[in-house]
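Worksheet for the structure shown next.
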Amino acid sequence: MWLYLRTAPALRRVWLRPTVFQATRGRGVKVYFSMAEARPSYEDIQKISDFLLSKTKHRPKIAVICGSGLGGLADVVEDQNAIDYTEIPNFPRSTVPGHKGRMVFGLLAGKTVVCMQGRFHPYEGYPLWKVALPVRVFKLMGIETLFVTNAAGALNSSFNVGDIMLMKDHISMPGLAGDNPLKGHNEDRFGPRFPAVSDAYNSELRQLARDIGKELGFESFMQEGVYVQVGGPSYETIAECKLLRMLGGDCVGMSTVPEVIAARHCGIRVFGMSLVTNMVVMDYDAKVTVNHEEVLETGKRRAQDMQKLVSKMIGQL
Ligand SMILES: O=P(O)(O)O[C@H]1O[C@H](CO)[C@@H](O)[C@H]1O
Ligand SMILES: Nc1nc2[nH]cnc2c(=O)[nH]1
């Protein structure tokens, strides 16, 4: 059963699920309803894609999702058309400092791109399908390659603040606990019910990053490793950090994996990169704690190098 609610700024369609049936003596059956926001259909996502393409002459095949404090890349896009998320119908809003909340179309290193200057996170209250929604919009726009960046804490003690880690794999804590952006009805027009993600991070793009990193003299601060996605927004306890390191994680953050899973599901190839903005706290005697200001500050310091690496890679695609 559908219920239509008028909420700012739009009319929202809410699916009412009958959840509890309770027999009442002599009075038939009582039905209780719980509310869940309806997922957009393929056609709804097509409308978002058409809306965006109607606002720009650019027709990108490459998309970039910028992490916390790493949106500067979108500012150097040339001949740009920027669309605020608040203008896009049925699109989430950015609520986190360091995420401007704009979709920027234009040219980077001579290639047509679209950059998301700000991503969505589960801790903002968004379900995983909504966090990954922009990737499906990208698919219907014609995107073939996705670059994802994020700010992350290093679990690997041989890493340093300011290192760039090429993502070779991930561990999704929400995924292992049963939450996944693909949970629920599978839309076959995007991809199969059971997609493989053992090859999620494209090895040729990783090799290109290594080669370009070498050319740029970045070898001393380039790493490769496994990103662990946690729910946040609280940072990890010391015991959690020790556990995640034992599981094989090199960096930890609160994002990226939902977008990567949705991208691989619909056949978009992915390159992922983490900027180490802090070392996680592993010592009970430590006097330091992690904070978002430090995360954004490190982002600023290393942003230029990350931008150089990403634009050179895009230039060579
Ligand atoms: O992953 P991005 O969006 O780069 O941001 C990272 O930094 C924030 C915490 O400081 C969290 O949102 C974490 O996921
Ligand atoms: N979960 C998590 N996310 C981060 N983003 C940047 N640093 C961190 C961190 O230490 N932990």
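Cβ atoms here come from the backbone N, Cα and C positions, even for glycine.
Automatic, uncurated: that is what TrEMBL annotation is.
Here TrEMBL flags Ser68, His99, Arg119, Phe120, His121, Ala151, Ser255 as phosphate binding site. DSSP gives Ser255 (phosphate binding site) a coil state; it is part of no helix or strand.
What TrEMBL records for Glu236, Asn278 is purine D-ribonucleoside binding site. Within 10 Å of the C-beta atom of Asn278 (purine D-ribonucleoside binding site) sit 20 other C-beta atoms, taking all shown protein chains into account.
Annotated domain 'Nucleoside phosphorylase' per TrEMBL: 61-314, in sequence order.
Ser255 (phosphate binding site) has a Cβ environment of 28 other Cβ atoms inside 10 Å. Not one of the binding-site residues His99, Phe120, Glu236, Asn278 has a CB under 6 Å from ligand 1. With respect to ligand 2, the binding-site residues His99, Arg119, Ala151, Asn278 contribute Ala151, Asn278 as residues with a C-beta closer than 6 angstroms to one of its atoms, given in sequence order. In this structure, Asn278 (purine D-ribonucleoside binding site) is part of a beta strand by DSSP. Neighbour counts were taken as the number of other C-beta atoms within 10 angstroms of each residue's C-beta; across the binding-site residues His99, Arg119, Phe120, His121, Ala151, the minimum falls on His121. In sequence order, Gly67, Val96, Gly98, Gly118, Asn150, Met254 are the same-chain residues whose CB sits within 8 A of the CB centroid of Ser68, His99, Arg119, Phe120, His121, Ala151, Ser255, the residues recorded for phosphate being left out. Cβ-based crowding with a 10 Å cutoff singles out Ser68 as the top-ranked of the binding-site residues Ser68, Glu236.
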